[in-house]
Amino acid sequence: MLIRSLTLTTLLALAGPLLAADGDSPLDIDKGRARPLIVITSSTIDPVWLGLKKSLDDPANKEGLAQRNIRVYSVLNMSGQLDGKDMGQQDTMALIRSLKLGAGALPKVILVGKDGEKKLESSGDESKTVDLKKIFETIDAMPMAEKEAAAAAAATPPPAAAEPAAAKGTKATKPAKPAKPIKPPEMPDD
């Protein structure tokens with residue numbers, strides 16, 4: 001009985017940190033699927049947030065966000081939102097922890113790529129110059145975005161010539177039968 005208890009305790013001691021290491025961040029969900037844009041400010045009336053919010057509401061920019069798979073996370077006065085919908089306090093704190101940001105009252109704008117790496121990071125006065133045009137340019141310069149654009153172009157083939165319709169009263173022909181596979185050569189007996 002003692003051995004079983006010690007074995008179980010050892011197993012839990014080893015598995016605990018491994019399970020805790022699993023990411024609880026909302027960014028882990030977006031990894032490989034979307035590009036998170038995180039805006040962190042100390043108040044809802046911060047000029048950085050107001051400027052970005054105004055440009056996010058523009059219909060042309062909304063289309064650009066959708067084309068580039070951008071999800072907007074905003075942390076305003078420790079209250080988090082994802083694309084305008086409230087996040088829980090735990091998710092908000094997990095988001096901040098996953099970004100490994102130090103404490104500070106300065107506004108921050110961070111763009112994370114699909115690979116989970118920070119592609120654009122600005123803080124303080126520098127974040128006042130960040131606009132959606134700069135974010136779009138950063139994304140369009142990424143290798144992953146170039147691959148997606150090429151894949152989208154390849155996915156839409158040019159319109160093929162329409163097959164001639166069978167004349168009325170004629171029987172449609174069957175497609176040709178595939179040829180039999182060739183038998184592999186046999187090894188001679190010695």
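Each residue, glycine too, has its Cβ placed from N, Cα and C.
Copied from TrEMBL, the annotated features are:
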COMPBIAS  162-176  compositional bias 'Low complexity'
COMPBIAS  181-190  compositional bias 'Pro residues'
DOMAIN    27-148  domain 'DUF4174'
REGION    147-190  region 'Disordered'
SIGNAL    1-20  signal peptide
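The helix, strand and coil residue counts that DSSP assigns across the compositional bias 'Pro residues' (181-190) are 0 helix, 0 strand, 10 coil. Tertiary proximity for the compositional bias 'Pro residues' (181-190), restricted to same-chain residues at least six positions away from its ends with a CB under 8 Å from its CB atoms, involves no residues. The helix, strand and coil residue counts that DSSP assigns across the domain 'DUF4174' (27-148) are 55 helix, 31 strand, 36 coil. Mean predicted confidence for the domain 'DUF4174' (27-148): the pLDDT average there is 80.
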